[in-house]
């Protein structure tokens with residue numbers, strides 16, 4: 001996403017040097033080497049654990065700040081010492097990719113493999129389908145369409161497919177890309193008059209793993225280009241794996257010809273993990289990080305954090321960081337203190353503005369269009385859904401809700417009754433409403 005990770009680190013180093021004295025930099029930070037960059041995490045290495053601990057204790061915030069300045073966004077920093085098992089695993093993974101007869105045309109997170117994926121009732125179909133595709137590309141399910149909410153493991157499974165094929169199928173060209181990157185590259189190819197180069201890149205491969213396909217909704221030129229890319233690969237019997245936050249029929253403004261193609265193969269969903277799976281995920285994470293976490297702590301976290309895997313693992317990292325900084329043992333009391341902000345913030349205040357913003361994001365429309373007088377279906381219908389949700393999730397009066405939308409109360413009544421009736425008959429709409437309620441409530 002940001003070019004070669006070594007170049008990223010070089011730019012970060014320049015910023016760090018401007019913040020530190022030469023003595024501080026040359027004593028400690030000069031020993032850091034860039035190891036890998038995947039899924040918004042920059043992996044760095046140090047010669048030994050002592051140096052790693054000094055850097056984590058004194059300089060990590062400076063590194064975070066410098067990384068944010070260089071990339072214009074937050075990226076995770078993970079420092080590993082060369083005597084750690086995780087360092088050796090990542091190093092070996094990179095060497096395998098570089099020496100493999102297959103060609104990996106994009107960076108995959110070395111931690112996202114089938115071995116590190118925790119299987120439960122909520123994801124076992126998606127896991128089985130992905131494993132089948134990895135074992136027999138273009139012979140099992142083609143295309144494979146995976147959908148589910150944020151942080152549930154879709155990207156993990158796609159990277160796992162890439163790693164497995166790269167390791168076990170010689171000669172395959174494998175491409176992982178987000179649909180946002182696909183769109184940006186298309187725009188640049190048009191601007192620079194390099195359309196043919198762009199097409200050759202995406203049509204002369206054996207496996208295409210494209211993440212977050214819902215991003216191309218409302219983008220006519222991107223949909224047109226992806227349609228032809230899909231056809232070229234499919235007709236050549238190449239494997240296509242697609243992920244989204246919702247099933248094809250629920251992606252708004254997606255062209256029908258693309259929607260039908262996405263439904264040609266297998267569609268597998270991933271649901272939020274149940275309690276037992278959440279505990280298993282936390283245990284796996286603790287084990288991979290060589291952390292000794294009491295069972296009662298894992299049980300508490302699994303009970304309180306129910307939304308997705310990313311938040312579960314984030315809570316565990318927060319607990320460990322809190323214990324390290326305060327030089328305390330990890331127990332239930334410390335855990336409750338470390339997570340008090342996260343747990344209490346789960347009941348955030350619900351306003352009409354919040355509802356409007358979440359509905360706009362979900363249906364990929366602009367907030368200014370949403371509040372305008374436009375009556376096209378792709379705007380008017382989500383607006384009615386937002387009115388319905390405002391009536392369901394707030395205590396505001398009908399006139400007040402209408403005022404927030406620039407409408408009168410009779411319009412709100414009509415919208416509420418319309419959506420209420422349609423939910424009873426349309427399972428797809430009912431799922432969309434439930435998903436929106438979760439997003440609005442913050443879990």
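Note: Cβ is positioned from N, Cα and C throughout, glycine not excepted.
Residues annotated as region 'Domain I, interacts with DnaA modulators' in Swiss-Prot, with sequence analysis given as evidence: 1-73.
What Swiss-Prot lists as region 'Domain II' is 73-106, and the listing cites sequence analysis.
What Swiss-Prot lists as region 'Domain III, AAA+ region' is 107-323. The region 'Domain III, AAA+ region' (107-323) scores a mean pLDDT of 91 in the predicted structure.
Taken from Swiss-Prot, the feature ATP binding site applies to 151, 153, 154, 155, supported by sequence analysis. For residue 154 (ATP binding site), the Cβ neighbour count at a 10 Å cut-off comes to 26, with all displayed protein chains included.
Per Swiss-Prot, region 'Domain IV, binds dsDNA' is recorded for 324-443, and the stated evidence type is sequence analysis. Taking H, G and I as helix, E and B as strand and the rest as coil, DSSP gives the region 'Domain IV, binds dsDNA' (324-443) the counts 87 helix, 0 strand, 33 coil.
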According to DSSP, which of helix, strand or coil covers residue 155 (ATP binding site)?
helix
Among the binding-site residues listed here, 151, 153, whose Cβ has the fewest other Cβ atoms inside 10 Å?
151
DSSP helix, strand and coil counts for the region 'Domain I, interacts with DnaA modulators' (1-73)?
46 helix, 12 strand, 15 coil
